[in-house]
């Protein structure tokens, strides 16, 4: 795994050197935090939602984030327009299917995006991935309260069905393209005390995907760095508020060498 860890460190170095624009069509709850995370990891954020400009904006982007946390018909149309342009230009799309499984509207909207666009990475929790794969799982609002019985099978099924990379995040993160896969063990329980940390993780994945065509490895790298930052932040924090501040500081201050040394990634065995 040393070579994989080295490649992850090199990806972070490329993000910092090239400062890719990450175009978000995202939810109102996390917009400010995900913009800041994009800046701290080394990218440039833009939150452009209007259907009249998204196709033009995405032409400048290194990656496109589609996040359905605060759904509206206008924004879904913008996601489809931006996504088609991203596909035309071979720009990676990272989908965050917030709340899939909680309501029929959320589930069907995410399935429409998956069927209409080629999605590079789907980053979701166990309940969301279970709902989209047909494997089950339980959501309360946008929070996963029960993962599918076999999360690995759910992730693999969704990846194979839509020819995408699935990053199922939890106590340990499962990342697979349906054939290969990784387990990322970095992280901290305090991530569950803040709203929007899954959306922040999605932004990290997008930043890495903007500089790495192997989206499986990019997803593993973004999640490993985010989890490592959380571990280090928890050492300095006294509760959720100080943890959030420390998390942002750690994302900003982590070096490629530290990420390569601290990432805990194992190859999946089927």
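Each residue, glycine too, has its Cβ placed from N, Cα and C.
Under the heading substrate binding site, Swiss-Prot lists 47, 196. Per Swiss-Prot, ATP binding site is recorded for 123, 169.
Recorded features from Swiss-Prot, shown on the structure.
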residue	record	Cβ neighbours (10 Å)
47	substrate binding site	17
123	ATP binding site	30
169	ATP binding site	27
196	substrate binding site	23
If you measure residue 123 (ATP binding site) to residue 196 (substrate binding site) at Cα, how many Å is it?
13
Spatial separation of residue 196 (substrate binding site) from residue 169 (ATP binding site) - C-alpha basis, Å
13
What DSSP gives for residue 196 (substrate binding site), in three states, is coil
